Amino acid sequence: MKRARFVVLGSGAASPAPERALPAHYFEYEGVGALLDCGEGTQFQLMKAKISFSRIKVVFVSHLHGDHVLGLPGLLQTMAMASRRDELLVIGPKGLKDFLLSSFELTYFYPPYPIKVVEVLRDAEITYRNLKLKVFPVNHTVPAFGVSVETASKRKVRADVLEREGLPKRLWGRLQRGEDVVWEGRVFKYEDFTFEGERIKVVYSGDTAPCERLVEEAEGADLLVHEATFTKELKEEAHDRGHSTAEDAATAAARAGVKQLLMVHFSARYKDLRRHLEEARRVFPRSYAAEDLTKVVILK
């Protein structure tokens, strides 16, 4: 059985609030962790969630507004103080590399471990070990991206069929690797005798107003993590500022046919999220409002 976990480290928006940290989220599958955005204070939230910094192999920055990125230089320095030696993959928009290099230079920081920065201009698909990250543009006031994180899937053999056909088990592994097998003059095509195992798919919106591309990329996801900065009476303001309402998030979830919606990125003006939930559940019943350190475990 596949098991992944998603942890909301910071459920707030641009203005900090005592009860809500700035945007940051963590996805982990088979020991490989991906940090999705890194607002100020993310280090403290990781410690509260008991997530080891060394488990973070990939960092995705959705855009360069401060509430999504200003926690990253400090986190990278703390990783160095913890004697990190593993490479860290950092993915984000154009300008992220200059931002990091400037912060390193001005704070006299010389990373003792390799940091690979991949800047995305439009679309990108990046595979890291057992994770496939698909980065796509969303609808914000500055260049901004959402991301689909999908677990790798190993092909599985149709054991009952292969046993009936008499193919020796020692050859099954080749079919699993996507190779055709010739045995006793017969060709066994891998696509006829194997099938794709189930994948776990989580999609994170970053900051966005309603976005058709996001709906397309979220299709069938196990979890859609979507910003819901405002409720619908502030819909016009939300869209003008490149943000979504709870109703917008639920509409995206319903159209994409996702299994669950987790709303995040709440304006500091909201102390009570009941209106967000009521608004969203009228459109998509499986809607939830995140608190800091909310954890979702996905099993398949």
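Each residue, glycine too, has its Cβ placed from N, Cα and C.
Binding site for Zn(2+) 2 per Swiss-Prot: Asp67, His68, His265, plus Asp207 from the candidate set Asp180, Asp192, Asp207. Matching His140, His276 to the Zn(2+) 1 binding residues that Swiss-Prot gives (His63, His65, Asp207) identifies His140. Neighbour count (other Cβ atoms within 10 Å of the Cβ, all protein chains): 20 for His65 (Zn(2+) 1 binding site).
The record gives Asp67, His68, Asp207, His265 for Zn(2+) 2. Within 8 Å of the mean position of their Cβ atoms, the other Cβ atoms in that chain belong to Ala13, Ala14, Leu22, Pro23, Asp37, Gly39, Ser62, His63, His65, Gly206, Glu227. Neighbours of the Zn(2+) 1 site: apart from His63, His65, His140, Asp207, residues of the same chain with C-beta atoms within 8 angstroms of the site's C-beta centroid are Ser62, Leu64, His68, Thr141, Val142, Ala144, Gly206, Thr208, Gly242. DSSP assigns His68 (Zn(2+) 2 binding site) to a helix in the three-state reduction. Neighbour counts were taken at the CB atom with a 10 A radius for the binding-site residues His63, His140, His265; the maximum falls on His265.
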